[in-house]
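According to TrEMBL:
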type: DOMAIN; residues: 27-477; note: domain 'Major facilitator superfamily (MFS) profile'
type: TRANSMEM; residues: 20-40; note: transmembrane segment
type: TRANSMEM; residues: 82-102; note: transmembrane segment
type: TRANSMEM; residues: 114-136; note: transmembrane segment
type: TRANSMEM; residues: 142-159; note: transmembrane segment
type: TRANSMEM; residues: 204-223; note: transmembrane segment
type: TRANSMEM; residues: 286-310; note: transmembrane segment
type: TRANSMEM; residues: 322-344; note: transmembrane segment
type: TRANSMEM; residues: 350-372; note: transmembrane segment
type: TRANSMEM; residues: 384-405; note: transmembrane segment
type: TRANSMEM; residues: 425-447; note: transmembrane segment
type: TRANSMEM; residues: 454-473; note: transmembrane segment
Amino acid sequence: MAIHFSAPIEAGTTAYNDKITLFVVLSCVTAVMGGVIFGYDIGVSGGVTSMEAFLEKFFPAVYARMRGDTLVSNYCKFDSQLLTAFTSSLYVAGLFATLAAAPATRGLGRRPTMIVGGASFFAGAALGGAGTTIYMVIVGRVLLGIGLGLTNLAVPLYLSEMAPPRYRGAFNNSFQFSIGIGALSASLVNYGTEKIPGGWGWRVSLALATVPAFLLSLGALFLPETPNSLLQQGGDPLAAKRVLQKIRGATDVDAEFDDLVAAADASRGIRSPFCQILRREHRPHLVMAVAIPFFQQVTGINVIAFYVPVLIRTIGLGESTALLSAVMTSVVGSASTLISMFVVDRVGRWALFLAGGIQMLVTQVMIGGILARQLGDEGGVSRGYAYLLLVLIAVYVAGFGWSWGPLGWLVPSEIFPLEIRSAGQSITVAVNFLFTFVVAQTFLAMLCRMKSGIFFFFAGWLVAMTAFVYWMLPETRNIPMEQMGKVWREHWFWKKVVGGSQGADPKMNDLS
């Protein structure tokens, strides 16, 4: 059987100005504070749930099991629906906030959405740090979730629309890099606050999330709206063109601006983007909007991100070692994402997806195998195996950091035409939050019941998602966002769905 794959397609038929300006860099640096917020929350929640003072105050049953209940399996010591509710309540709130925010992002713009999201996150972080009951802490988590839902919808769109097409991958991957920086910051803060006498260090960890939230809200007040969004809202075309000229650092932006105007005109004719995305010509966009964030979550990364300290406690290492291990994985994740930023626009999305998927698959199987052989219901693993597990976790995080981590945000944000862009991105973020919630809510119970088998469970999904990318995802490197339709018309499968172009790329390969 002959299968067709498109060779990487260079920039479209019209030449865009690909100059990187200081203005666009500063704008994007401010916007990615949204990623820092996301990463900080992931890192800080995983850390504080391993702090004994936090567990003793809010989860005394878990604390008692951890301190020496030998009748409970190693795999079940942290199995608590209240503890998972603390973690996952954020993602339920984020799910609903994302769906509600789609019309606002389309009608009001990306910038106001980021401002409101940062303010909501600030309120949630302050409430969590001051919490005296578990209910106050969970309400704080809900406010955090609303903020994350808004910023995770707006920031990737903002980055993709501001970036020059040739460097869009690097700019958009900065969102995942900022998530890593946020997680690293949280891990360092947790490691330091755990040592504060009196057992109130967890308050400092939770409250410090107000810092990136404040920077995002304040900085976004001075950001420009993207030209795409200005035109979509029916703004003055001349004003939008002046913004585009400022962003690109050039007066000759006619080719790009004409494409933006055409896309905005088509967008304003669409009254119901969520109905529009169900149309046949947008079928591949809808599939990717659901499949990519779903697969990103079933890599098992949030098992690592949320529960590395818990897993390390499970295999018998101490509280400080558990928190230090989170610092290590955060450093590895940030470094690997930085590498991805430099190579994604050269080697493409497709190759990084495949390489990272294989790397994560191998390490998941090895982690599961070691735990199956070495960790029973009682006791721990030897120190040598414990450190080997740490190394394997680091290799796994590196694989995610240069593949499914950044690309899971990049690819959905760049493939949608303007008329369904807000709706498509909201579906992507909503699916991401939904399955983040499912994984967070079920992982501790699954760990208790499946034990080491849970790692083979995620390894099975890694096989499926790597195969999906190999067969179904076209390369999107260097394609201007407003010309992205051709990648579907020239793909071996999707052209049968959307209708192939008469001028298909003669460089297409036959792979038997």
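Yeah, the Cβs are placed from backbone N, Cα and C, and that goes for glycine too.
Whatever TrEMBL says is automated annotation, not expert-curated.
In summary, the transmembrane segment (384-405) lies against the transmembrane segment (322-344): three or more C-beta pairs, each 6 or more positions apart in sequence, are under 8 Å. Counted over residue pairs 6 or more apart, the CB atoms of the transmembrane segment (454-473) and the transmembrane segment (20-40) come under 8 Å in fewer than three pairs, which marks the two as apart. Across 82-102, 114-136, 142-159, 322-344, 425-447, the stretch most heavily in contact with the transmembrane segment (20-40), judged by Cβ pairs under 8 Å, is 142-159. Through the fold, the transmembrane segment (82-102) approaches residues 41, 45, 49, 58-59, 62, 113, 134, 137-138, 141-150, 152-154, 273-274, 306, 422-423, 425-426, 429-430, 433-434, 436-437, 440-445 of its own chain, all at least 6 residues removed from its boundaries and within a Cβ separation under 8 Å. Note on the transmembrane segment (322-344): residues 43, 46-47, 50, 169-170, 173-174, 176-177, 179-181, 183-184, 186-188, 190-191, 194, 304, 308-310, 312-313, 352, 390, 393-394, 397-403, 405-407, 410, 477 of its chain, located 6 or more positions outside it, place their CB under 8 angstroms from a CB of the stretch.
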